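As recorded in TrEMBL, the features of this protein are as follows:
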type	residues	note
TRANSMEM	B:21-46	transmembrane segment
TRANSMEM	B:95-114	transmembrane segment
TRANSMEM	B:121-141	transmembrane segment
TRANSMEM	B:153-176	transmembrane segment
DOMAIN	B:153-343	domain 'ABC transmembrane type-1'
TRANSMEM	B:188-212	transmembrane segment
TRANSMEM	B:224-241	transmembrane segment
TRANSMEM	B:281-309	transmembrane segment
TRANSMEM	B:329-348	transmembrane segment
Amino acid sequence: MRTENGRHRVWRATAAAGLVAIATLFANGVQAGPTLDKIKERGTIKVGVGTSPGFFAPDSNGKWQGFFVEFGRALAITVFNDPDKVEFTSSSPQQRLPALQSGEFDILLSGVTQTVTRAFKLGFHFGPTIFYDGQGLLVNKSLGVTKGSELDGATIGVQSGTTGELNIADFFRKTGHKFTPVTIEDSNEFLKALESGRVDALTQDASDLALRRTLLAKPDDYVLLPERLSKEPLAPAIAAGDDRWLEIVNWTVYATIQAEEFGITKDNVDTFLNSEDPAISRFLGTDPSLGEAIGLDPKFAYNIVKTLGNYGEIFDRTIGKGSPVGFERGYNQPWTQGGLLYSPPFR
Amino acid sequence: MNSAVDPLARKMKWRQIWQKWLYGLFGTPLNTLITVFVVALLFWTVPSLLRWLFLDATWTGSAKDCASNTGACWAFIGAKLRFILFALYPPELDWRPTLVIGLLASLLVITGTPKFWTRHLVYLWIGVVILMWMLMAGTLVGPKVPTSRWGGLALTLLISVVGFACAFPIAILLALARRSKMGGLRTLSILFIETVRGVPMIAILYVAMLLVPMMLPAGFSPDALVRAQIGLTLFVAAYLAEVIRAGLQSVPHGQAEAASALGFGYWHIVRLIVLPQALRAVIPALVNLAIGILLNSTLVAVIGIFDLLNAAKNAANDPVWLGFYDESYIFVGLIYFSLCYSASRYSLWLERHLRAVKS
């Protein structure tokens, strides 16, 4: 038995290594051409998104809506000055990273957690964090648990292909308790597993759990434990090899954050056009010198705010208090209000 | 005297049926136990199910009306019908997928009528398939629509039917090659068929989606839907080839030998003598395979394509209509069921019809 298993493992490892080697061989060829050239030639940006209510979901007319989707539109404004020159494609957590590597997408806005492995081993670049999340535990109240460290011998559902699988294992190694992981791929199945009692708890990004809890038949029977098992900075991911594309992603996100810090909104942006503040006139492009220097439309930040609003407005409209999802801002506020959003200066 | 109108005979017949039922339900202690158990189970489940499905259901209104009600939310289906049928397709161009569904339905009805089984049917298929694809893409009229926005019922039917249609010629060649006496050709055919049948369809889709673009030079990789369609077609071809081979084996050798003696060439024998008989023999298996393909096509969801099932799932992801998954799945379940059920009824009818023609 043992040798049999060992041989299988060797075979599998060789096969896997071979596949990766082949993939890298070809991947290098693909990435030689900068992403931005491809985008301009094609006339649209290809964005990989996920499927999660509020973050990315098509509406009744088949138009993609959601928090991350709006940043895809913002990118289209920066590159083409047209929010519709962007194509969204949904991808599952298992498939999204290989698809980005293969050049299927120009950017992933599917709530990918920025990690060191993904940067070094998979060769991805990450833009600024768009959404600060943390892994939480949604627990059946009948367990009588108030803290994650009190869970012992519990069966816990995790979604496959996410960082959640590793985090929960780390967490239990730390507390020294035992647990049984149940890996579930489908996100609807995930919730059903908790309701049917197949698992005692679910672990996933807290924002996602908070939303899913409202979908349960008896939400009050379940509690989202207050502690966070991990840091989950969700950031746009792009394939390595195109620095200019990375900078466009960076400064598109920063533009929405900076606008909120300035207090510039979709409705009042035009009143700022006559602003005496040189920082604001540089930002909005009334003074075109900055845009000319960086080779972008000097009014790209103005266009983004005028079309989509600032970060706070996008948040409220899609996942915040102005939407059925109703999240608190939490860490996702400007640093001036105690959050973590901080844009480098536009100068 | 006709027994059907004789009241006494009729009474006897009903009595027999009644006694058969009585024995089946309560004949032995075990039967009685099972009957009681099943009836109890029905009493326990059916009323609450009916209440959920109909009595307490919300038929019109908004998501708020549904939330205040305990039953099913059929208003959700009303609001999302367009999305489930056409998904991401631009709403102002809904006439295109509608027309495609209509074209497909008529094509299938024509194909299903034995009267039309002539050479012209092949030309019709080629024409209609190309027409449908161009219609969806907007090559002929109006704005172009990228394949990433195709979806819903129209897409499910399109990829299943196009997959089946394109697989047919490949499958015939594979089946002939597998029966041919040329060693190299036979080995190649066996290799292809057994490899494809030996891997799950998801693996083929992943290869089409992820590995193919890496292996081709940048910019040469076809569109994602086209790649998925090619993957599906090759998958279908392998299974179809085996079905057709079974048909070929059912045609007696004498048929081909007689034709050969009359001076027919190989392709003439195949086209005029062997294939018509072979295909007729495997019609039930072909319909069976077609149903399988329709259901298998839901797997394209793993590579982000919005087929009917994936559209239904995503309809309930809209924050405005959040969480009505049960209603959504029941609705598309009914669509799949009616498609498959009519296909299987058709296959039964055809078998009877062909037997009648033969005899």
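One-based numbering along the chain as shown.
Backbone N, Cα and C define each Cβ position, glycine as well.
Residues 174, 177-178, 180, 221, 224, 227-228, 230-232, 234-235, 237-239, 241-242, 296, 299-300, 302-303 of the same chain lie 6+ residues outside the transmembrane segment (B:188-212) yet bring a C-beta within less than 8 angstroms of a C-beta in it. In this chain, the transmembrane segment (B:153-176) touches the transmembrane segment (B:95-114); three or more CB pairs sit within less than 8 A of each other, excluding pairs fewer than 6 residues apart.
Sequence-distant contacts of the transmembrane segment (B:281-309), counting only residues of its own chain at least 6 positions beyond either end whose CB sits under 8 Å from a CB of the stretch, comprise 84, 87-88, 150-153, 155-156, 159-160, 163-164, 201-202, 205-206, 208-209, 224-225, 228, 232, 235-236, 239-240, 243-244, 246-247, 250-251, 332, 335-336, 339-340, 343-344, 346-347, 350-351, 354.
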